[in-house]
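Some notes on the structure that comes next.
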Amino acid sequence: MHQGQITQADVGHKGTQLKLMLVLDNEQKVVFKPAWYSRDYVVEGPPYAGRDRHNAEIAAFHLGRILELRRSPLVVGRKVNLLKDIFPVASDRLKETFFRKDKAPCFYGRCHYCKGPEDGVCAGSDGILEGVLVLWIPEHYHLKLHRHPWARTYREGKMARWETDDTYCAKVRAVPGYSQGPRLLDIVDTAVLDFLVGNADRHHYETIQEGGRDAALIILDNGKRIRASLWQRLLALQEGVLSHVLASILDQDPVAPVLTQPHLTALDRRLGKVLDQVGTCVDRVGIKAIVLDGNSRKDSGDSGIS
Ligand SMILES: Nc1ncnc2c1ncn2[C@@H]1O[C@H](COP(=O)(O)OP(=O)(O)OP(=O)(O)O)[C@@H](O)[C@H]1O
Ligand SMILES: [Mn+2]
């Protein structure tokens, strides 16, 4: 993505996490998500605990390309100078949220929990804040939000229907929207991606007209079917190929190194688990029932987002 000058900066207006809306000097609109954690910081608690990790956005974008899913908008790491690159072009409502902490510039913007300086994010003493740029999907795509059929309840001790009802998958498959077309296999595609990157926070997903974009790792245990193209791809990435390919791509990012060695090792390990899981199903009921040729994205009109 374009690394040029930032011409406008405003508070983010969607979602719960703190983010900025930026316009670059070639008119590209992008979301800026700041870094909260160092590369090797381990978030404790439930699988969805903590804030989103900016480096994970970069890794997931490239992983999606390697898996040939191509259904996420472009992501690239970026270091911004809060005082030189952002403040001078900031909207008034963003400017109002700037403050200083131990001499470093900070802001708290506007988001679900961003009530004041205690929820803000700070640059280093040099004014530099690392984060990622995510290309904004233009409004004319009309994103449609769907509740994820395999979402968590996010409440300790409260189980979701898919956790207690063995026939839940069949019920979802009877629902218009899932009974035909690519949607369910899209969810499986992204379930694999989410499992590989450790994203356990897929409560909703969005589609662009016909096409799906997001999903939850949990489907892996329930969906039991996988698109042939993804299965072939996963097989080709065994034995360390995945981490090797991804690491060499991530080396090119402006905020490299994006992942630590333990992250890369975990990716190969999780890929092994996905292959084992699908392999077990194949052994049990045969490849034809599990690995599906039909319903490919291409048959049903790709969103064209890559
Ligand atoms: N690149 C993008 N292009 C278009 N719309 C986007 C983009 N990124 C985010 N959005 C919109 O903003 C919403 C929130 O985005 P995102 O999930 O990244 O933020 P979040 O703060 O983590 O929100 P949540 O807590 O709902 O997960 C999305 O559901 C989508 O409608
Ligand atoms: Mn989120």
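Each Cβ is built from the backbone N, Cα and C atoms, and glycine gets one as well.
Record features (TrEMBL):
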BINDING   Gln17, Lys33, Glu206, Asp221  ATP binding site
BINDING   Asp52, Asp221  Mn(2+) binding site
DOMAIN    98-224  domain 'FAM20 C-terminal'
ACT_SITE  Asp201  active site
DOMAIN    226-288  domain 'FAM20 C-terminal'
Out of the binding-site residues listed (Gln17, Lys33, Glu206), which are within 10 Å of Asp52 (Mn(2+) binding site), Cα to Cα?
Gln17, Lys33
Distance from the residue listed as 'active site' back to Gln17 (ATP binding site), taken between C-alpha atoms, in Å:
13
Count up the helix, strand and coil residues in the domain 'FAM20 C-terminal' (226-288) according to DSSP, in that order.
46 helix, 2 strand, 15 coil
By the DSSP assignment reduced to helix, strand and coil, which category contains Glu206 (ATP binding site)?
strand
Roughly how many Å separate the Cα of Asp201 (active site) from that of Lys33 (ATP binding site), to the nearest whole number?
17
Using DSSP, tally how many residues of the domain 'FAM20 C-terminal' (98-224) sit in helix, strand and coil.
36 helix, 30 strand, 61 coil
